[in-house]
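As recorded in TrEMBL:
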TRANSMEM  A:48-69  transmembrane segment
TRANSMEM  A:81-101  transmembrane segment
TRANSMEM  A:107-125  transmembrane segment
TRANSMEM  A:137-158  transmembrane segment
TRANSMEM  A:178-200  transmembrane segment
Amino acid sequence: MSNDNSKSKQEVTSTDEFIKGLWRDNPVFVQVLGMCPVLAVSNTAENALAMGLATAFVLLMSNILVSLLRNFVPKQVRIASYILIIATFVTVTDYAIQAISVELHKSLGAFISLIVVNCLILSRAEAFASKNTIGKSILDALGMGLGFTLALFCLGAVREILGNGSIFNIPIFSDGYQSWIVMILPAGGFFTLALWLLIINAIQTRKVKS
Amino acid sequence: MSQTSNIEMHNPASSKKMLMAMVGIGIISAFLIVMTFELTLPRVQRLKAEALEKAILEVLPGTVRTQAFGVSTNGELVKIEEGDKTETTLYAGYDKDEMLVGYAIEAAGQGYADIIRILYGYDPDEQKLIGFQVLESKETPGLGDKIEKDEGFLNNFKALDVSVSEDGKLRNKVITVKQGEKQNPWEIDGITGATISSRAIGNIVGTSTTEVVPILYQEHKKDKTSQGQKQMESDEQR
């Protein structure tokens, strides 16, 4: 383990930049960032996937722009400019989702505009993109975005299966299945998140021990 | 005090830099947003119109052509051309023989979470509501959103009585009652577990029908008599 750590400090390969968002620094399961959309929009697998991809897109584009402008923006106004950049891409995403499907836009509702205040995006802009080259920032955004999408999907799938008896709107149980309505409600989000955190932490502790 | 002046003294030139950075980013942002808006607008409008068209066909079965109407201030129906906006919008649906199927009427009101927008179909010959659909709602998934999907609830709107009495008013206002307690043809059978949402629908439909249905009914009667007269005239000419 210690050997592993020192190696990653010495030379951070580009695959590391990508992989870390998926597992070691997963934004939801490890960093526990951006809880508002995680809990609110993960009630079905479809919503979770759409929300994850929308966030990943905003993260990618804002990381690119922040990294491009990193030598041009003075320190005092950096947070303001990051928010401006993020808000721009959120608006762009909002229009794009409307153009893709009215139904999808209906089900994601207010949570698209709330991507602006998703602390995951701001934290990547501040902690990574403003200090690294474009190439690295793109890899970082892809890893973090996909990690976020994956985590949301894990929650959404569990909640939809238990709460609705279906996955991607395809019923998987026979008609006699009594769905757990609580899993679709906000409380179910907390239960499912806790469950996943438990599993992931258990795996990681076991890894450290061995 | 000394600290603030210190900061100001420290970077006298940087305010210009800051301003430039913010303005620069602002310009890039504005350009990006306007570009996406312009690019997506036609498609968004088309999708929205399609969704509405689909909803109209749903609430007025058998419709092949629609015509939008607005209600003018003195309570008359006016045809509206594309682009016009009025407070109440309704759509007349005609079947393949150009006969009136009914009117699809848009209405909105407060639900549990947010404003609910609905569309319902009115048949002036039968004096009944014949269809209903939720256009937009943010009701709780799994509970309140049953107003969109629950079959028992939607069956209420297949023949909901909204007959107009002699004095030009609605005989009975539409109202939501508890599930299983529906006794009169103008009552909506509510949903257990979605009490507030189903009651909100009752309110929206009730308020909207009291306003619009009498106007439509009078208009329809006038149309019928004038049509009849025209028919007779043309018969005489022959």
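Heads up, the Cβ atoms here are built off N, Cα and C, so glycines get one too.
Proximity of distant same-chain residues to the transmembrane segment (A:178-200), defined by a Cβ-Cβ separation under 8 Å and at least 6 residues beyond the stretch ends, is recorded for 26, 28-30, 32, 35, 38-40, 42-44, 151, 154-155, 158-160, 162-165. Here the transmembrane segment (A:48-69) has long-range neighbours at 34, 37, 41-42, 81-82, 85-86, 89-90, 92-93, 97, 104, 107-108, 111-112, 115, 118, 120-121, 124-125, 128-130, 132-134, 136-138, 140-142, 144-146, 148-153, 155-157, meaning same-chain residues at least 6 beyond its ends whose C-beta is under 8 angstroms from one of its own. Listed by sequence, the residues of this chain that lie at least six past the ends of the transmembrane segment (A:137-158) yet keep a Cβ under 8 A from its Cβ atoms are 14, 17-23, 25-29, 34, 37-38, 41-49, 51-53, 55-57, 59-60, 62-64, 66-67, 120, 124, 128-129, 167, 183, 189, 192-193, 195-196.
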